[in-house]
């Protein structure tokens, strides 16, 4: 069941993201003293007085500045209000009431949503009520003095906010598939997000680095929900300034860890760059399922053999991801975008799958019968006693052997290939853990001696 939404609204640098982090209980929205850090709308789960909800952090609203992003930020805020049960209007108690606050208040009155006014940066109780008093002029009913940094006043504020939330009696088990959209700056991640959602969800601009936060949106298809996480483009370290962009890149890496499946977006015109390779390595290290999305295919001059040529070139560079599905798309025109979620379903199922020990050992027996383990120069042959899956996400199989050193890389790749081929693992890494075990211990630990190989 969809949770009710609280939209956080206000001008830049009044502490909206700090308040969202306070309510959500951890630091995920980027907090920095530079105005305009949050550009897109960012969804976070929240809980208060036995009530579950989502809280949406939006970009700072400005009406008298005509920079490129500002109309887009207002559009994102308007979309957040359209789906919200209540708006949380944040102002700066230290700066006091100003014309920008009044403009936002007038704009909010035009929206069909109740508003609760939070006067932030009130660091003491006595001063807080004095600072909040002048905001009665906005005509937004009672202003609540709070300190988002220290948490004072936020309890009373939330008590008021949840009065506007609809009651949810049943919350279904979360079977949502988390999908992180990852790639270098300006490869088309936000355009892909918009193509998947069918709306202008993230700010799209030809300027590299438009998206700063890892932002979430939920879509549903055939009863399956997907949480799409668009992230800041990841640059080379020497091109990263300490500050907002540094935090965004760390947030993107955290988004990879949150994901079940990563859409690894590559600019097909650039091919696989060194930064792409490093990013691919990070995805592999985190053990995420992957779909390689080769974007901007509409800009390539093609003939009958073009796609095969490009596929071979990309696979040669990403040889360590040979198990990942590769899709050539155009986020701009929508070409093949409709195939992405089918591949996501397949990869997520493989990533979460658990296989019985009996089946794993059948695969091992078959593999060994076709290709025996290598023999050392001293005439000692490797031997696999049995295997068992010890975890999923990614599938991890422990193989108990007489001596791990007797199994070279070639044979290990062969065994992994057999698991993929026989068990149908697609789009996910498989981790094989080779463990040494004495014969007697192996026989004692084998779940079924008939499966020994």
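Backbone N, Cα and C define each Cβ position, glycine as well.
As written in Swiss-Prot, here are the features:
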BINDING   10-17, 57-61, 120-123  GTP 1 binding site
BINDING   183-190, 230-234, 295-298  GTP 2 binding site
DOMAIN    4-169  domain 'EngA-type G 1'
DOMAIN    177-352  domain 'EngA-type G 2'
DOMAIN    353-438  domain 'KH-like'
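Feature map: Swiss-Prot annotations on the structure.
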residue : record             : CB count, 10 Å
10      : GTP 1 binding site : 26
13      : GTP 1 binding site : 16
16      : GTP 1 binding site : 28
58      : GTP 1 binding site : 27
61      : GTP 1 binding site : 21
122     : GTP 1 binding site : 26
183     : GTP 2 binding site : 24
186     : GTP 2 binding site : 17
189     : GTP 2 binding site : 28
297     : GTP 2 binding site : 22
| task | Report the DSSP secondary-structure composition of the domain 'KH-like' (353-438) as helix, strand and coil residue counts. | result | 32 helix, 22 strand, 32 coil
| request: Work out how many Å separate residue 122 (GTP 1 binding site) and residue 189 (GTP 2 binding site) at their Cα atoms, rounded off. | output: 39
| field | Averaged pLDDT, computed only over the residues in the domain 'KH-like' (353-438) | value | 91
| field | Rounded to the nearest Å - Cα separation of residue 10 (GTP 1 binding site) and residue 189 (GTP 2 binding site) | value | 27
| field | Rounded inter-Cα distance in Å - residue 16 (GTP 1 binding site), residue 189 (GTP 2 binding site) | value | 25
| request: Using DSSP with the three-state reduction, classify residue 16 (GTP 1 binding site) as helix, strand or coil. | output: helix
| said: For residue 189 (GTP 2 binding site), which of the three DSSP-derived states applies: helix, strand, or coil? | reply: helix
| field | Nearest of the binding-site residues (13, 58, 61) to residue 189 (GTP 2 binding site), judged by Cα-Cα distance | value | 58
| Closest of the binding-site residues to residue 186 (GTP 2 binding site), Cα to Cα, picking from 13, 58, 61? | 58
| residue 297 (GTP 2 binding site) and residue 61 (GTP 1 binding site), Cα-Cα, nearest whole angstrom | 36
| query | Given residue 58 (GTP 1 binding site) and residue 297 (GTP 2 binding site), what distance in Å do their CA atoms have, once rounded to a whole number? | reply | 32
| request: Could you measure between residue 13 (GTP 1 binding site) and residue 183 (GTP 2 binding site) for me? Cα positions, answer in whole angstrom. | output: 28
